[in-house]
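Quick look at what Swiss-Prot lists:
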BINDING   Asp32, Gln40, Tyr45, Ala85, Phe119, Asp285, Thr326  FAD binding site
Amino acid sequence: MNTDVIIIGAGPVGIFTAFQAGMLGMRAHVIDSLLSIGGQCTALYPEKFIYDIPGYKQITAAALISNLAEQAERFNPTYHTDQFATHMDRLDTSFVVKTSKEIEITAKAVIIAAGAGAFDYNRIPIESSHVYEGKSLFYSVKDPSIFTSKVVVIAGGGDSAADWGLILSKLARKVYLIHRRSKFRCSDSTFKDLKSLEETKKLKILTPYQITGLRGSGGQISHIELGGLTGESVTLEADYLLAFFGLKPSLRHLEEWGIEITHNCINVDPLTCSTNIKGVYAVGDVAHYDSKLKLILSGFSEAATACHHIRETIIGGDVYNFRYSTNMNEVFR
């Protein structure tokens, strides 16, 4: 399949890059390793508020992704989720990117908006866990309502586990929060809220325990087995298991493509966001230059910079004239 721009990464900056490309008349295909678009905003903290997005006093990460996707939708970007960009080959005037699902996309330019790299979830190290994934075992939450009046076990000791413990305690019949260490990594105020909630019997904290086994049938968990550090064991009846063990980022494929990487970031020219390979750009947290600020806001600006440079110097066709969006009514009708 052919397009104008391939965008690697469908976090907030990647989605906005698709919008910017479309606004300039460029077709975009977007590749992301996670099951749904949104990057860490969707996978790790969808219900957390972000306070530094212009025009919003506050907005949840999930709402920001929804708004960005709706904004880009008018230009019909094509999303390829649940797959990695594994190969990039340079042709005379274009690039061919191949994904882990054997999809090949040809484009005149590539924009890498991969955050800290392609992400995959750190999964439960239990051989049978894949049987339950997507049915009663989840590594992120898309629809909290499915946990209403259910018994939910949450495993993990960071912000995601703690935050979802607080949120789901309002919906679930019972929430168990499991951590392999005695001390959680969440903020002191969040942990204080968890301990207060534990007094209501809606939530129970079990530490230091690890999940040692899953029992159930047809993909539906019925029991979760825990092992303590001193050898004791506990079996919980449960309907769902949420495992928040973080994400594994990797830039390995990008290094293999010959892209110049320093300290796990891609070196770019701040004036154009271009890399050491002509036609390949990087924006968002993965891009590095002097005085770089790793903010979503900065990534939005870099997306515009890269797309305008591609439209002016690579795509060709009609004469390029910079215009403000207020003078592009024919595009937004």
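Cβ from N, Cα, C; glycine included.
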### Summary
So Gln40 (FAD binding site), by the Cβ count within 10 Å over all chains shown, scores 20
### Message
In the three-state scheme derived from DSSP, which category covers Tyr45 (FAD binding site)?
### Response
coil
### Query
What does DSSP assign Asp32 (FAD binding site), in three states?
coil
### Message
Need the DSSP three-state call for Gln40 (FAD binding site) to compare against my parser.
### Response
helix
#### Entry: Site of maximum Cβ density within 10 Å, from binding-site residues Asp32, Asp285
Asp32
### Query
Which of Tyr45, Ala85, Thr326 has the fewest nearby Cβ atoms, counting only those within 10 Å, among these binding-site residues?
Thr326
### Task
Could you check what DSSP calls Asp285 (FAD binding site) once collapsed to helix, strand or coil?
helix
